[in-house]
Amino acid sequence: MKKVLDDGTIVSKEIDVTCIGYSARKQLMNSFLKIVEEDNEKFLRRLRHRIDSVLGLIGLAATKKQKIDILQDVSGKVKPSSICIAGEMLVGPAKAFCMDEISTGLDSSTTYQIVKFLRQMVHIMDVTMVISLLQPAPETYNLFDDVILLSEGRIVYQGPRENVLEFFEFMGFRTEMPSGTLADGGKFFGALFFSLINVMFNGMAELAMTVLRLPVFFKQRDFLFYPSWAFALPISILTIPVSLMESAIWIILTYYTIGFAPGASRFFMQFLAFFGIHQMALSLFRFIAVVGRTPIVANTLGSFTLLLVFVLGGFVISKNDLKPWMKWGIYASPMMYGQNAIVMNEFLDKRWSSPNIDLRIDEPTVGKVLLRSRGFFTEEYWFWICVGALFGFSLLFNVLFIAALAFLNPFSGDSKAVGEVEHSKKMSSTKKSEGTSTDLMSTSSCQSSTVYILDKTSKKGMILPYKPLSLAFSHVNYYVDMPAEMKTRGVKEERLQLLQDISGSFRPGVLTALVGVSGAGKTTLMDVLAGRKTGGYIEGSIYISGYPKNQETFTRVCGYCEQNDIHSPNVTVYESLLYSAWLRLSSDVTTKIRKLLLMKKGGQVIYAGPLGVQSQTLIEYLEAVSGVPKIQKGYNPATWMLEVTADSVEAQLDIDFAEIYAKSSLYHTNQKLIEELSKPPPGSQDLSFPTKYSQPFITQCRACFWKQHWSYWRSPEYNTIRLFLTVFIGLAFGVIFWDTGNKIEKQQDLLNLLGAMYAAVLFLGATNASAVQAVVAIERTVFYRERAAGMYSEFPYAFAQVAIETVYVAIQTGIYSFLLYSMMGFEWKAANFFLFYYFIFMCFLYFTMYGMMVVALTPGVQIAAIVMSFFLSFWNLFSGFLIPRPLIPIWWRWYYWASPIAWTIYGLVVSQIGDKDSALEVPGATNVTLKAYLKENLGYDHNFIPVIIVAHIGWVLLFLFVFAYGIKFLNYQRR
């Protein structure tokens, strides 16, 4: 301190200024100012030189201050923000810098130079620096070491700049797929093949539409309305704009989003290829529909054809790996030409023209190496040959379609379902009968005597005592919501009334005829009384022997013969009666018509009372009405009563028969009878049963399974074709993939094996799911009737349907597994074969359960087929064959585990080859072991087998329970 105060120099040791007095501190400050003043000019020269050096380094020496025109006649001076940057850096000993939007007012080149200098400063001087930038140029962005990304006030990424893309790809956000290398080809092959599948499946919709048109065509053809070509030609022409539209939609949505070759010519060439594929598919499936002629046969043939053309399309198995005597199948498959066209269009683009570095394949470019390794054509002119072949196949199938229409006839004696599908036939026959006399429905209450049920073998009767019951209903009204068409015509009411103030009674020992013209409401009244209506609004009172009707107990004593025949189509009449008796009779009924209930259109009663001898009482009642003509001698009373009570007669006579009846003494007599029957007799008890159903749960299961057994056994269209198709596909696959399981030396050998397993389970499994839907839909209609009759609960029905399918699937799988396992050359070990059988069995079973489940959850077969196809396309995409699991974005990888097919392929692969350590030749890379390649590149681990086994059980149980609960809680029957 002394030295500082005397000579003005600063000592090296620290001085605590808080410990010295005021005069000493003042003297210290004066000494500092003296030093600064003496060296001030020298200090400023050094500072100015340093700033000029820095500004020159970053290219701003001439921009310290610049005069610019801000507005007309207005001028000013601006100082570039970079000088503020330099000042912050150079004035003072700062080692940490925070810089906000430093590029404001600068062009990208200047910003790049500034950031480049700052980067050098950070690395040389060990400075800490954070810079915020808004959308920097790529070259500027690449100068940074770390990146912090903010979104809505939160950090979404902080880490090395070079790891940003990898991080977001891991999170499921993908940029355009990388291309140009051998490793990139697999994803593009999978994307193109998936596109091909979707376009082809869109064409398969033509099959169902054509089958629906055939009955009308055959009828009109046989009456010589027109030749077959006149029917076929308009259909073929009208599908051209449909193909153009569907192909355009698919290309527009997928081409550039996936990242195919960006050239416009490549875009339109792929569009042309897909248009040709779609036209070929439409004509192919139209031809198959005429050959099949029925839905089950046509769908089976269609699935089989689709399977063959796909397997022989060149992607599932390479053309180079087929046996020489099987290569004709490749050239006979239309899909081969479509597959070649789209892959050549992609891989012959210039972005795949990098030089080939793999000397094992003699091709100049990466794109041609990828094509050659998969067995595709490598010359550009083959694209036009393939497109021409597609249109040639389309023409050929159209010609065959016309020939089949001309020479084939409908199958005679088709086994059609006796159900709601025949409702139109029943209605037509009903209308014919209405034209002659009357439409009659009869109902009879149980008599106090007995009902005789004959035993087929003993020919003896069995006496079943029943308690006589009466049914009385008073002032019953029924409404439905007003149809939209009637509202558009000006009707303002919200409800439409179908039954109007109906009263009546049915007594033991009295057979009552319910009569009325068409539209009078006979069926509606019967449905209301029987409790079969599923919609609408019911008013009024219904009594059973004086007690209010309880639907749950009423079904135990009520038998309802409906207007439509709804029965299982392959069960005999005797078996149906036996089945009903088995479930409805407890484990521990000769009459003449005596009474008539006559209704008129609109649901109103115009007569309720005795008929009398030869209907004399009814005749006297109607003839007593003023203006009603007398009945002629020998005329049918039933016809006469409908003619004289018609709406036209009412209008002519200006009377209302319902009003006349309501004022008659007969009406009041009936009301007294209804009132009497609406009160329980003294000492009587209401209907009650110890259990909801007549038979216990096990008996219900046995009866339902017995019925399903006979129904399936007598269904050749379904089961015989299914088993025949299984054998045929098994043999075809065995020949095509002969010995592929025993020879895995190259990557393509492994891909062939994966393709074999993928095709083996996907197509036959999907066929099972599709074929079972028609069967379940028919049986569901029968189920609705039998459940309403109180025969059994929902779960025994579901159990029987699942159990009988399981039996047939087990047989199907046994045949299929033996053929495939032996012909594909897998190692004969008991454990391996068991796992092979198990995974295929469970696969076919969950496919079948899935088809049944979709029917249970949807109103009809058409919607079920759409829903099934929608989810099957996702199962296919995420199966692990088109795109291996490690290459699927993490955001979508969960769907891989949600795809049952992925589990099956996983199980089949690892159970057969997942533990092998043989060398595998991979193009563009060094050889690796098969086990290591499966784990690292495909994500298959042999130790995962126990989890896969359990997962298959889980899928089957999931679809089974959803099917059962769908059947239980969803009722799509509308009555």
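Glycine is no exception: its Cβ is also placed from the backbone N, Cα and C atoms.
Going by TrEMBL, these are the annotated features:
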type	residues	note
DOMAIN	186-347	domain 'ABC-2 type transporter transmembrane'
DOMAIN	355-413	domain 'Plant PDR ABC transporter associated'
DOMAIN	499-590	domain 'ABC transporter'
DOMAIN	699-912	domain 'ABC-2 type transporter transmembrane'
TRANSMEM	188-211	transmembrane segment
TRANSMEM	223-242	transmembrane segment
TRANSMEM	248-264	transmembrane segment
TRANSMEM	271-290	transmembrane segment
TRANSMEM	381-408	transmembrane segment
TRANSMEM	721-738	transmembrane segment
TRANSMEM	750-778	transmembrane segment
TRANSMEM	798-821	transmembrane segment
TRANSMEM	833-857	transmembrane segment
TRANSMEM	863-883	transmembrane segment
TRANSMEM	895-914	transmembrane segment
TRANSMEM	944-967	transmembrane segment
How about the transmembrane segment (248-264) and the transmembrane segment (381-408): at least 3 CB pairs under 8 Å, pairs 6 or more apart in sequence, or not?
no
Per-residue pLDDT averaged over the domain 'ABC transporter' (499-590) comes to what?
81
Please indicate, using numbers and ranges, the residues of the same chain that are 6 or more beyond the transmembrane segment (944-967) and have a C-beta under 8 Å from a C-beta there.
780, 783, 794-795, 797-799, 801-802, 835, 838-839, 842-843, 845-846, 849-850, 852-853, 856-857, 900, 903-904, 906-907, 910-911, 914
Take the transmembrane segment (750-778) and find every residue of the same chain, 6 or more past its ends, with a Cβ under 8 Å from one of its Cβ atoms.
295-296, 299-300, 303-304, 306-307, 310-311, 315-318, 321, 417, 419, 421, 568-569, 715, 718, 722, 725-726, 729, 733, 736-737, 740-741, 744, 801, 805, 809, 816, 820, 824, 839-840, 843-844, 847-848, 850-852, 854-856, 860-861, 864-865, 868, 872, 876, 879, 881, 901, 904-905, 908-909, 913, 920, 930, 933
Residue counts (helix, strand, coil, in that order) that DSSP gives for the domain 'Plant PDR ABC transporter associated' (355-413):
35 helix, 2 strand, 22 coil
Within-chain partners of the transmembrane segment (863-883) [C-beta distance under 8 Å, separation at least 6 from its ends]
186-187, 190-191, 193-194, 197-198, 201, 208, 754-755, 758, 762, 766, 769-770, 773, 777, 850-851, 854-855, 857, 892, 895-896, 898-902, 905-906, 938-939
Could you break down the residues of the domain 'ABC transporter' (499-590) into DSSP helix, strand and coil, giving a count for each?
28 helix, 24 strand, 40 coil
